[in-house]
Amino acid sequence: MARNSCILVLASVLLASIASICASAAIFNPISDAHRSAALEFFSPSDGSFGSLEETYEALRTFEVLGIEKEPIIRTSVCASVADTLSSTSSALKDLFQALRVNRILKCELNDKAFAGIVTRLKDSVNAANSLLDFYHSIGGLMLIKDQTSEVDAHLGDADRIFRSIKALSQSDGRWRYSSNNPESSTYAAGIALETLAGVVSLASSEIDHSLVATLKNDIMKLFDGVERYDDGACYFDEKFVDAHGHQDPLSASSSVVRGITAFATATGESLNLPGDKILGLAKFFLGIEIPGSAKDLYHQIDALACLENSRVSVPLILSLPATVLSVSRKDQLEVRVNTVLGFAAPPLSVKLKQIFSSGSKDASVVNQELKFDPERAVHVLEILPENVDVGKYIFSFEISLQDPEHKKRYMTGGRTKVPVYITGVIEVNNAEIAVLDSDIGSIELQKKLDLSGENDVALSANHLQKLKLSFQLNTPLGHTFKPHQVFLKLRHESGVEHIFVVGNSGKKFEIILDFLGLVEKFFYLSGKYDIQLTVGDSVMENSFLRPLGHVELDLPDAPEKATRPPPQPIDPYSRYGPKAEITHIFRAPEKRPPRELSLAFSGLVLLPFFGFLAGLLRLRANLKNFPRSTVPATFAILFHLGIASVLLLYALFWFKLDLFTTLKALGFLGIFLMFVGHRTLSHLASVSAKLKSA
């Protein structure tokens with residue numbers, strides 16, 4: 001129980017410290033090779049295809065953003081599917097839209113006549129649309145055709161009316177409805193609507209009424225007023241609406257909104273004046289997911305980050321640390337990288353270390369030190385840590401400053417970035433002593449020095465009227481007192497019963513005194529040898545150890561009749577299911593056998609009556625007239641006699657070589673064979689006998 005309680009207390013302390021750090025700071029890393037490996041694993045073509053056209057586009061779009069070459073492998077089969085879908089008059093609007101999206105990436109060989117027929121159908125669908133998805137697929141298809149060919153006119157003549165028809169589905173909070181018949185609003189639908197309206201602006205044959213664009217910009221601001229935020233600065237859009245399309249999680253909803261606002265900003269060419277911290281928070285949300293658990297989630301993540309990378313809104317810059325664990329003993333250097341969300345190089349900038357917060361303290365030390373930029377490795381380096389940084393957990397606050405004023409309009413740094421950093425080091429263990437004290441006056445009966453960095457094997461003895469004292473000091477590389485998370489002293493009886501004690505600290509010294517008089521019941525009055533083991537450990541302590549110190553012989557009084565007995569010790573599974581002791585068996589010596597010549601002579605005497613029987617048959621002129629003379633009956637008769645001879649041979653083999661099971665198996669097959677040929681032989685003899693009697 002003591003051991004379990006210590007572990008629970010330690011776990012709660014560790015979780016509390018980690019939670020306090022993570023609540024205020026977090027590490028966000030740009031897209032890396034791990035995402036490319038995940039994409040190759042999630043999007044694996046089967047028979048030259050990724051599945052449906054929608055799944056194919058998601059795979060190709062993910063590969064396109066990550067720079068993975070996969071087109072030649074699936075190009076033939078996918079282009080054939082695209083051509084069939086676009087040429088079919090029965091294809092749904094969604095299928096046409098997905099086929100055109102796939103064709104934008106693969107650039108399949110399609111003629112302009114095919115596009116002309118599709119444009120007419122899509123324009124008719126726009127005029128007859130009564131739901132947001134119909135508008136989205138029709139206008140999105142026209143946008144794709146406009147980008148893929150200049151020979152077909154995909155422009156919309158009545159763009160203002162279409163814009164107002166779509167805008168009528170908006171809600172006061174910035175969210176949108178899927179249709180006028182559905183009163184429920186959706187964040188995911190808002191992203192689709194913004195992307196659709198961006199297409200209307202791009203396809204308009206004349207300029208859209210500016211008041212409509214201004215109203216929509218106001219709706220976007222309302223939508224961003226409802227963004228959710230984590231403690232680490234990550235922002236996301238939640239989705240509570242559930243319809244026939246299923247529930248959209250925060251990842252898909254946030255990705256839809258990002259696609260919508262970036263498409264609308266690109267189409268209008270105007271600034272949306274969105275809060276920069278929320279744009280950076282969305283980037284942190286997507287990056288904080290790290291590697292998603294499904295192919296669709298990976299597509300939403302990568303596509304949204306690609307939109308932020310190339311948007312006219314704001315391009316977020318991500319500060320990351322290649323290593324968040326630094327050793328003061330090895331004099332590690334602090335390195336900082338600043339990249340775009342997709343991992344590309346950032347514009348010229350400087351990084352300053354502004355403040356350092358110690359774990360568990362609200363006070364911060366002001367540093368204001370600029371990091372040196374290494375152009376070869378594209379990292380900012382802090383060569384020497386500040387003097388007041390010792391072993392422990394810290395939060396480093398960095399500030400990014402862009403050098404070009406024009407870049408400040410395009411890139412978003414988000415002010416100060418807080419990152420958790422762990423400073424480790426080798427802890428010095430000094431003045432380690434173990435002693436046996438007299439219980440009355442506390443005088444030292446026996447005292448020995450310990451070398452906690454090496455091997456120890458002290459031998460102590462004590463009775464229930466004495467005490468055991470252990471003390472030592474822990475110092476950091478800078479000479480400060482170090483307080484680790486784990487300091488345990490364990491005494492293990494030779495019967496397997498263990499007792500664990502937490503070693504407390506008083507000032508600069510760790511010390512524990514075990515009064516055996518008060519522990520006799522806890523020790524179950526068990527006298528004998530107790531092994532002593534000390535555990536000292538911490539996540540920032542490079543030389544954590546679990547070290548045996550020796551043993552102590554305890555002489556405790558006899559247990560009273562009603563004393564608590566020690567708990568049964570768990571049985572070692574290796575002793576129960578492990579290898580057993582080898583069993584040695586001496587077989588009985590074989591009995592003496594007769595000489596070989598005598599055995600052969602006896603075998604000859606046994607066979608002699610058989611040969612005599614054959615000779616007697618010849619001598620007595622045995623009647624063989626009933627032996628069949630026709631070919632088929634004679635064959636069965638010969639096989640019957642051969643079968644009987646085989647049975648006799650099998651008996652002989654059983655006697656000399658075969659075992660019982662093999663013999664019975666062979667005898668079973670021979671018995672079936674004999675029954676068949678014997679029945680045919682006897683049937684022939686019976687028919688011959690019946691003919692003779694009738695004659």
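Cβ atoms here come from the backbone N, Cα and C positions, even for glycine.
Quick look at what TrEMBL lists:
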DOMAIN    31-309  domain 'Ribophorin II N-terminal'
DOMAIN    317-423  domain 'Ribophorin II second'
DOMAIN    431-554  domain 'Ribophorin II third'
DOMAIN    587-687  domain 'Ribophorin II C-terminal'
SIGNAL    1-24  signal peptide
TRANSMEM  598-620  transmembrane segment
TRANSMEM  632-654  transmembrane segment
TRANSMEM  660-677  transmembrane segment
Residues from the same chain, set at least six apart from the ends of the transmembrane segment (660-677), whose C-beta lies under 8 A from its own: 636, 639-640, 643-644, 646-647, 650, 653-654
Beyond the flanks of the transmembrane segment (632-654) by 6 or more, those residues with Cβ under 8 Å of it: 660, 663, 666-667, 670, 673-674, 677-678, 680-681, 684
For the domain 'Ribophorin II C-terminal' (587-687), residues assigned helix / strand / coil by DSSP: 78 helix, 0 strand, 23 coil
